[in-house]
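Following: one structure in C-alpha cells, then a few remarks.
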Amino acid sequence: MSSATGTPAGSSLAPGAPITDGGVQESRWERAARAAQERGALAVLVLVVLVASFAFDTFATGANLSNIAIQSAFLAVIALGMTFVIITGGIDLSVGSVYALGGVLAAWGSQHGTWAALLVPLVVCGGIGLVNGLLIARGGMAPFIVTLATLLFARGLTLTITDSGAEVFLVPQGSSFSRLGQGELFGIAYPVYVALGLFALGALLLQRTAFGQTVLAVGSNEDAATLMGMRVQRAKLLAYVLSGTLAGFAGAMLAARSSSGVPTVGVGLELDAIAAVVIGGTLLTGGAGTTGGTLCGVLLLGVIQNVINQIGSLGSSYQSVVSGAFLIVVVVVQTFLSRRRR
Amino acid sequence: MTDTLAPPAPSPQRARTLAWLQENGVYVALAAVVVVNAVITPNFLTVASLRTQAIQVVPVLIIALGLALVIGTEGIDLSVGSVMALTAAVVPLYLGYGALPAVLAALAVAACVGVVNGWLVAVIGVQPIVATLALLVGGRGLALVFAGGQSKDIENEALLALGSDELLGVPYVVLVALVLTLLVAFLVRRTTFGRQLVAIGGNRTASDLAGLPVRRVLIVVYVISALLACVAGLIATARLEASDPSTIGNLIELSAITAVVVGGTPLSGGRVRILGTVAGALLMHLIRVTLITQDVPDSAAQMIQAAIIVAAVYVQRGRGTGQ
C-alpha cells in the first residue's frame, strides 16, 4: 500500500504521518478527530471529576468515590456486552429486562447453593441472548424489533416466576453467594473488581482475538467480511449471547448485593447502557469502538448522577435532563468529527 | 449480478402465498381475533365493550400514526412517550388561562421536540435512534422538572370533556383518532409530501440527488410525530383527569412501533401503510384483552405478545430486499 497513490494531489499532509488500516495517510486534523472520538469520554470524565473535586468537599472522598464505583459496576457489566453488539452494527434492547430476570433467577437459585445462583441466570439469560442471535444472525431479522420482543418476553417471564411480583425470593443470610455482592477488599466492594476484571477480558476479546476482529469487521462492512471468509454469523450470534449473559450476570450480582431478586429493576436500563456505549465513542453504525471508552461512558453517567445529588437543591429529574443533553452534545460532536474524516 | 448472500428462491406457488400473507396477514389475524372473541368472550360484540376497546387503543394508535411516517423514512422516534409526559407537565401550567392556551402551549413544546429530533437527524446526520433516545431520556426529566415532580388533578371542564364526552354515541377521543387517521392517510397517499417521504425512506441519497427537499421533509415528519404524541398525551391526561408526567406514556413507543411493524410498514423504510398500522394497533390490543379475559396472567400475555411480534416480523422478512 503506497502512500503516494492514496494521497490526493495538493493535500497538505505532514511527512511521516501514521498510516491507518486503509493505507491512507491521516492529516493532523484527522488524527485529532480520531483522538477525540476515542479518548473524548476519558478527557471529559477527567475534567468533570477535577471540577467536581474542587467544587464539592464531599466529592473526592474515598467513601463517595467507592460509592460511585459500586453504583456504576452493574451498568458497566451490561454496557460491556452492549459494546460488542453495537460494534456489529446491532442493538440489544432486551438487557434491562434480562438484568431483572437474572436477578430473580439468581435469588431463586441461591436457595439451592451458590453454583445454582450463578448458573441458572447465566444459562437462561445466555439462552435469551442465543435466541436474539439466532433470529438476527441466521433469521436476518432487524435487531431492534427482535430484542424489543425479547424485552417483553424476559419481563413477562420475570413476572411469571415471581407470581406478578407478589413473591420475592430472598438470598439466604450469610451464604457465600451474598458475599460475592457484599464483600469488600481495601474498602471497595467485590462487584467493582468483578466489573473491572470483565472489562479487562472484554478488551482482550475485542482487540486480540479472531472473534473480536470479526466483530469489528462485521460492523464496518458485513458483505466484505463475508466475502473474506470470516465467520460473520457466528460473530453476530456470539455478540448477542455475550450481551444476554453479561446482563444476566449483572442481575445476579445485584441480587447478591441486595440479598433479593427484585422483578421491577432495570426498566429503561437498556437506554442508559446504549447512552454509555455511544458516549464512550462507539459508533452506532458499527465497526468502531472500544471497551475502555464504554467504561469511561458509564463512569461519566455515574459521576453526573453523583454531582447532581451533591447539589442538594436539584431534584433527581435533572439527572436525566443533563444525561440527555450530554448525549446530544456527544453525538453531534461525534457525527461532525466522522463527517470531517470522510 | 449473482448475489451469493440471498436465500434460495421459493417455488412460485409458495412465493405467491407468502407475498399475499405479507400483504394481508395483519387483517386476517385481526379478523380471526375478532371472530374468536365473538365466540368465546361473553358480551364482546356489545356496543359498550367495543367502545371501551376503541377508547383504550386510541393513544397508542395516534402515536403509531406518527411513527408509521417516521419509520417510512427509515427513521425511528423513541421520544414519543416523553412528549406525552411533557404535554402532561405543560398543560397544568397554562390551564389557568383556559383550555385553548394550555393545549397550544403543549403543542408548541411538542413541536420544539420534533424540530430538535428532525434537526439532529436531517441536518447533523445523527442516527434517528440516538437522536430520539436523547430526548426520551432528557424529555421526561424536563417534564418532571416542569411539574415539580408531582401529579396534578385537572379541573378544566373543556379539557375533561375531550376525555369523556361523545357525539352521536361516539366518544370524542375515537372521533379525534378517526380524523387524524384519515388526515395522515391522505397525507401519505395524495400529497407530494407523502410521496417525497416514502421516496426518502426508499433511498435517501437518490432522493437528495433528485432534488427532493430531504431535510425539510425529515424535519416535518419528526414534528408531525411529536404533535401526534402531544395529542395522545392530551387525550390520556383528559381521560385520567390528572396530569402525571412520571408514568404517562412509559414504554408506549414500543407498543406503537409494534403496531406499525405488525401492520406491514418495514423498519427499513420506503413504505407506509396507515390502514395496516390501525389494524396492527387494534390487533395487539385485542390479543392482550383476549388473553386477560381468558384469565391468562398479564405476565404470560406479555410473553405471548413477544412471540407474535417475532412471528409477524419473520413472515414479513425479506420484503423490500430484491423482490
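The backbone N, Cα and C atoms fix where each Cβ goes, and this holds for glycine too.
Annotated region 'Disordered' per TrEMBL: A:1-23, in sequence order. Sequence annotations record features per position, and here TrEMBL assigns compositional bias 'Polar residues' to A:1-10. The transmembrane segment annotation in TrEMBL covers A:40-56, A:68-86, A:115-137, A:144-165, A:185-206, A:237-256, A:292-312, A:318-337.
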Remark   = Highest Cβ pair tally under 8 Å against the transmembrane segment (A:115-137), stretches A:68-86, A:237-256, A:292-312, A:318-337, lands on A:237-256
Ask   = With an 8 Å cut-off on Cβ pairs and a sequence gap of 6 or more, do the transmembrane segment (A:237-256) and the transmembrane segment (A:40-56) reach 3 or more such pairs?
value = no
Ask   = With pairs closer than 6 in sequence left out, are the transmembrane segment (A:185-206) and the transmembrane segment (A:68-86) joined by 3 or more CB pairs under 8 Å?
value = yes
